[in-house]
Structure formats: C-alpha cells, structure tokens
Amino acid sequence: MALSLESTTSFHMLTVSGSTVTELPGDSNVSLNSSWSGPTDPSSLKDLVATGVIGAVLSAMGVVGMVGNVYTLVVMCRFLRASASMYVYVVNLALADLLYLLSIPFIIATYVTKDWHFGDVGCRVLFSLDFLTMHASIFTLTIMSSERYAAVLRPLDTVQRSKGYRKLLVLGTWLLALLLTLPMMLAIQLVRRGSKSLCLPAWGPRAHRTYLTLLFGTSIVGPGLVIGLLYVRLARAYWLSQQASFKQTRRLPNPRVLYLILGIVLLFWACFLPFWLWQLLAQYHEAMPLTPETARIVNYLTTCLTYGNSCINPFLYTLLTKNYREYLRGRQRSLGSSCHSPGSPGSFLPSRVHLQQDSGRSLSSSSQQATETLMLSPVPRNGALL
C-alpha cells in the first residue's frame with residue numbers, strides 16, 4: 001500500500017511497501033512504536049485534520065480514477081476485435097490502474113482507525129498489490145514503446161505479430177510482475193503488538209532494504225533506460241524522416257501517438273519516483289533530519305502522487321486512443337491513394353503491402369493491423385532510418 005504510517009521518532013524506519021514501522025534500538029525484531037499511537041493522541045488536532053484531508057483527497061481520487069478507468073475499459077471493449085496492438089495494451093494499463101485504486105478504501109480505513117482490520121490475507125494481498133500493478137504498468141509501457149519503435153523502424157516485423165501474440169506479452173508482464181512481488185507476498189504477515197495489529201515482513205531490515213532496492217531497479221531504473229534508449233533512437237529516426245519527407249512530399253509526419261505514450265511514461269515516473277526516493281531514503285538513512293510533521297506531509301504528498309497517476313491516466317488513455325484511431329484512418333486513406341499512384345513518392349508504403357501479399361498473407365482480414373505498423377512517413381530509399 002502506498003500510504004505509510006510514518007514514525008514520530010528518530011528510530012530507523014523499516015518500510016513495508018508504503019507502510020512504515022519502527023525498529024527500536026537493541027531489538028532485532030520490528031516492534032510497534034508511535035507510528036500507530038502518536039496520531040491517536042487527543043491533543044493532536046493537526047493529525048486529525050490531516051487524516052481527514054488525506055481521506056477526502058484519496059476518496060475523490062478513487063472515485064474519479066475508478067470511473068475513468070471503467071469508462072476506458074468499456075470503450076476499449078468496442079475495439080478489442082481489431083488487430084491493433086494499442087487497444088490490448090490500453091486495456092491492460094486501465095486494469096492495473098483500477099486494481100491499484102481498489103486499495104484506497106483499505107488505506108483510508110487503516111489510517112482513520114490506526115489499526116489493521118483485514119487479517120493476514122489482507123496483509124499479503126494489499127501490501128503486494130502496489131508492487132504488482134506498478135510493475136505491470138511500467139512493463140506494459142515499455143512494450144508499447146518498443147512496439148512504436150518497431151512500427152517506425154521495422155514495420156514488416158510488427159505486421160507479423162498477431163493480437164494473440166500481444167495478449168501473451170501482456171500475460172507475461174503480469175507473470176513477471178507477480179514473480180517480483182511474490183517475496184513480499186510470502187514474507188509479510190500479521191503481527192499483534194499490544195492492542196494493535198500490524199503487517200510486518202518476516203525478514204530483517206537488511207533483506208528488506210535489498211528487496212526494495214531490487215524493485216526500484218526493476219520498476220524505475222531498468223525500464224527507464226530501455227524506454228530512454230528507444231525514444232532517443234526514435235527522435236533520431238523522426239528527424240531524418242522529416243528531412244526526407246519534406247523534400248519528397250512537403251508533409252511532415254505526425255508523431256502524436258508517440259508523444260502521448262511518452263507522456264504516460266513521464267507521468268508514471270513523476271508520480272512514482274518521489275515515492276521510491278522517500279522509501280529508499282528511509283532505508284539508507286537511519287536518522288533523517290525531519291520533524292514528524294514534515295515526514296507526515298512528505299508521506300501524504302508521495303501517497304497522493306502515486307494514486308494521482310492512476311487518476312489522471314484515463315484522460316491520457318482517451319487522448320491516446322482518439323489519436324491512434326485518427327492515425328489508423330489516415331494511414332488507410334494514404335494506402336488507398338498510394339495504390340493508385342505507384343510512381344508517387346509515397347509508393348514505398350504499398351510496396352510493403354505487396355510484399356505481404358506475395359508471401360501468401362491476406363491483408364483483407366487484417367488491414368488495420370497492416371496500416372497500424374507501417375511507417376508514419378515515407379522512408380528514404382537509401383535506408384537511412386534502418
């Protein structure tokens with residue numbers, strides 16, 4: 001869960017996903033401290049106000065995000081019969097966001113009551129859900145970026161990929177995300193500390209620090225390097241294609257689909273990078289020079305950012321699919337006009353289609369698949385983009 005019940009002492013913090021408990025000096029076991037009891041003090045009016053505000057904000061985010069993602073799923077169901085890859089991936093992203101948002105009521109209930117009421121199974125499921133959906137989302141975005149890269153630079157390779165192949169890729173992202181989340185799911189357990197119930201990991205602080213560092217690499221660093229490299233190469237390819245396209249057709253390609261995918265990726269990083277830095281800071285710095293009030297504010301902000309990502313995403317998904325449909329219609333019109341003018345500067349595109357027809361593939365049943373993966377602009381005949 002993204003929301004952490006922060007410590008009000010300077011003791012070393014052991015972070016469980018988003019829940020923070022304290023490790024007392026001289027005690028090898030994690031034990032309850034003022035992370036639970038502090039905010040319940042009657043004199044802590046600020047804490048009560050802060051709890052009410054964060055509860056209201058998260059509730060609003062949950063409602064908006066759930067409505068938006070359900071709407072996205074309903075709309076996408078109309079296009080799933082098409083062979084276009086984007087619809088499969090957008091459905092996967094919306095499902096991940098929806099699952100993540102479903103944990104909001106449990107977070108609010110836990111923070112208001114200052115206790116855990118959902119048992120050992122709730123610990124294992126809810127405290128692993130954010131890692132699961134986080135990885136499923138970023139892995140899907142990485143695949144989407146690689147698909148767009150292939151559609152621009154290797155169109156024939158992408159045409160040969162069926163919708164079933166892409167569904168297997170999506171299933172693979174969830175299986176890999178589940179594999180990375182499995183250690184947390186197995187290690188977390190319900191522990192009684194006095195009159196309170198806490199979800200704590202069975203392993204020690206060092207193992208937990210190592211595990212969180214690994215997940216930071218798999219959810220932020222690794223995908224970031226891959227996506228960054230893909231977009232650097234795409235930027236170079238678009239720069240070259242713009243030069244050639246201007247000379248040949250006086251038209252520049254329209255990379256709006258790529259821009260929107262990149263926007264979703266950047267939003268993911270903007271929302272989850274502060275969360276991860278906050279978590280790792282607690283792991284690698286035993287005593288942070290922050291007052292309890294400051295730590296609480298930082299925790300609230302990082303929490304709202306992570307859930308804000310799933311709240312804003314549906315609006316970007318709508319823009320993405322709208323521009324994607326326009327792009328497909330534009331490519332179909334371009335193919336239709338080019339087929340009547342084989343000697344025109346844009347005749348490279350239908351020649352690719354003829355290659356597929358000569359190889360025995362029928363494009364009549366998958367014209368949308370073919371137009372999706374053809375290049376956004378004519379390729380120079382000297383192969384400069386390859």
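Glycine is no exception: its Cβ is also placed from the backbone N, Cα and C atoms.
A disulfide bond in Swiss-Prot ties Cys123 to one cysteine from Cys77, Cys199, and that cysteine is Cys199. Membrane topology of Lys163 relative to Lys322, as recorded in Swiss-Prot: same side. Across 125-146, 168-186, 259-284, 300-321, stretch 300-321 shows the highest tally of CB pairs under 8 A with the transmembrane segment (55-77).
Between the transmembrane segment (300-321) and the listed ranges 88-113, 125-146, 168-186, 210-232, 259-284, the one holding the most Cβ pairs under 8 Å is 259-284.
Pairs of Cβ atoms less than 8 Å apart link the transmembrane segment (259-284) most often to 210-232, out of 88-113, 125-146, 168-186, 210-232. Among the stretches 88-113, 168-186, 210-232, the one making the largest number of Cβ pairs under 8 Å with the transmembrane segment (125-146) is 168-186.
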